[in-house]
Structures are given as C-alpha cells and as structure tokens.
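What TrEMBL says about this one:
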- 9-128: domain 'Arf-GAP' (DOMAIN)
- 131-232: domain 'PH' (DOMAIN)
- 254-358: domain 'PH' (DOMAIN)
Amino acid sequence: MAQEPEGNNRLLQDVLVRPGNDTCADCGNPEPDWASLTLGVFVCQACSLLHRSIPHISRVKSVQDTWDASDVELMAAMGNNAAKAKYEQKVPAFYYRPTHSDCKLLREQWIRAKYERNEFEFIEKQEPYSAGYREGFLWKRGRDNGQFLSRKFILSEREGALKYFNKQDARDPKAVMKIETLNATFQPAKIGNPCGLQITYLKDNSTRNIFVYHSDAKEMVDWFNAIRAARFHYLQVAFPGASDEELVPKLTRNFMKEGFMEKTGPKHTEGFKKRWFTMDDRRLMYFKDPLDAYARGEVFIGSKENSYTVLSGLPPSTQGYHWNHGITIVTPDRKFLFACETEAEQRDWIAAFQRVINRPMRPQEYAVEAHFKHKP
C-alpha cells in the first residue's frame, strides 16, 4: 500500500538528518530546506534559485511541500555525500569553493561547473584554469578617465607574472604584475558589474588596483581560478614543506573591511577629509575614490605585542570632524584618527582592527613594517 503524504514527508525528514544532508550541498549553509529531485541533493534557498537557472539539469522542490514516495526514495538513494563523491571527485586544491557569503557569480558558476559542465569528473575540462598559461581580453577600467576598454591579458606561470597590453599588437606590456604579490577579489557592487574583479599587486611596495570584467561569467571565474592556480604553484615552490591546507588560504583573499571614514593628517590640526578605506590583511589603505588605481596612503597595522592598539573615540582636543563616531589607532610612531558616520560602522571597523592587532606578527611581516617606517 502506498504511503500517505505525511508518511513520505516523515521519511524525507529522516533522510535530511543523515550525515552530509544537514548542510547545503553547494555552499555549506546549515539546515537546507530545498532539494534537487534530479540530482538528489539538499540545498539552501539561495542555491535553489541558482539551480532554477539550469532547469534542464536540476528540478528543485521545497522540503515543506508534499512528497511522492518515489521522490523520497531518489533522495535517500543519493544524498549530499554521494553527490559530492560523484560531482566533486577531482576538484583541484586551488579551485575556489564558494560559501553562502560569496557573490552570486561564484556560487552560480560552481553549481554549473559541477552539475552542468561536469568539470570535476573530467580533468581535461579544467584546462582553462589549470594549464599554467592563459591569455584573452578583459574590459579594464582606465586609470584616469574611468572608461572600460578592452585589453589583452596574459597570465604565465613560467614567467611568474600577469601582464596586460594597451595595444593589441604591442610587444611591451603596460604592466607586469608578479604572481608573488598578486591578489584577486570579486567586487560586483563596487565595480558596477556582476562579473567585476579587482586585481591588486605591489609596485615598489605600494598597492596598485586594477578593475576588470568580462561579459561571460565562466570566463571571469576561469581567470580567477587561473590566478589562484598560478599562486598555488608559486607557493609550492616558495614553501616546499607546506601542505595544501596551509597554502590554499594564501591564494587569494577578500578584504577584511571597506567603506568611507573621515581622516586627519599627522599633526591632527588639519580638517577631516572623507576617504574610502580598504583593510587588506595588515595594510589599511585610503583612496579619494573607491575605484582609484593607487592609494593616497597606507598604514601598517601590527600586533598588540608590538604596541599597536585601537581605541573607541578621539582625543578630547580633536576638532574638524563631521562624523561623530571616532576611532584612534595607536602605533609605535604616532596616532591615526578616524571618524565614522554611524555607530554600527565604528563598531565594525574597531572589530576588524582588533582582529588584526590580536594576531601575532609573522616573521615576514616585520620586514613589511620596517619598510612602512622608512617611507618618505
């Protein structure tokens, strides 16, 4: 005799609590409340919306709906762990696995790579980002006029660099970015394009920003993972004894925090000016505009063991600020004064600074700190 719908849903709940099924198969979010009937995986609501963009591959249904016995059997036969063993069997160590907090582009392309393109079942499909060499055209934002223009980019692990050329037939690159200091982070809101990628590198130990996008989402994510692959192979040579688990977090990084604050100069007598701030690991950079190529200035944030502290508020004598929520960063050399527009922003910035200050400095960071002290 066929199960009543309530009985089927009870059986489905039993399947849901099995190991692996208690988190989203695609982004790791806890307590997934949707399922793909065709793939046999449980996913969160956000990922279920991305599954709807591949209806020829995935048909989704809420776990709260009424379920047929045959659909419950299908979910019981597969489930997240079995699907992972199939669809993620050959994910390269360097490949970025998105979480629920990542942008839509990364999450959607991860889902398409797994289920639509089967990239992690057939290693030859990974060539666009694992070959050690990649070239193509990206739309790059002009440094001075802000226009996006098509530029040729070449990433070469052998040369240890990412280069771009202003003219299609140019022999010499406009910029050479060493893989050693390269970083890439998706910034769709800041760049104003769903595929917007911010690439940073060090030039004379100062940070340089490049903003790019491609109209094809897969192309852009392939570029991102090609940069991660190049960084991975560079670090494997630089740190021969290190495990994959130690190297993977160093491949690319998102900024700890970004946003507008006001700042004053070293004498603390100048008026406060509104600037865009980016906290990138131990570098606090400030820009006149969020899309500037170069920072107006950079501040090194060390650790509490080295006499760095962050305080809420400004010294009593401070004048010239418009925003009322102050922050003082004390370094061995001087105090830096900032003001935030809201209490929530102040709280978030202090938490970001505190995380960095609480972390002991690594040996190579002392060399970076020394360079900051000797800047003119």
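Glycine too: its Cβ is placed from the backbone N, Cα and C atoms.
Sorting the domain 'PH' (254-358) by DSSP state (H, G, I as helix; E, B as strand; all else coil) yields 19 helix, 41 strand, 45 coil. Across the range of the domain 'PH' (131-232), the DSSP-based residue counts are 23 helix, 46 strand, 33 coil. Mean model confidence for the domain 'Arf-GAP' (9-128) is a pLDDT of 94.
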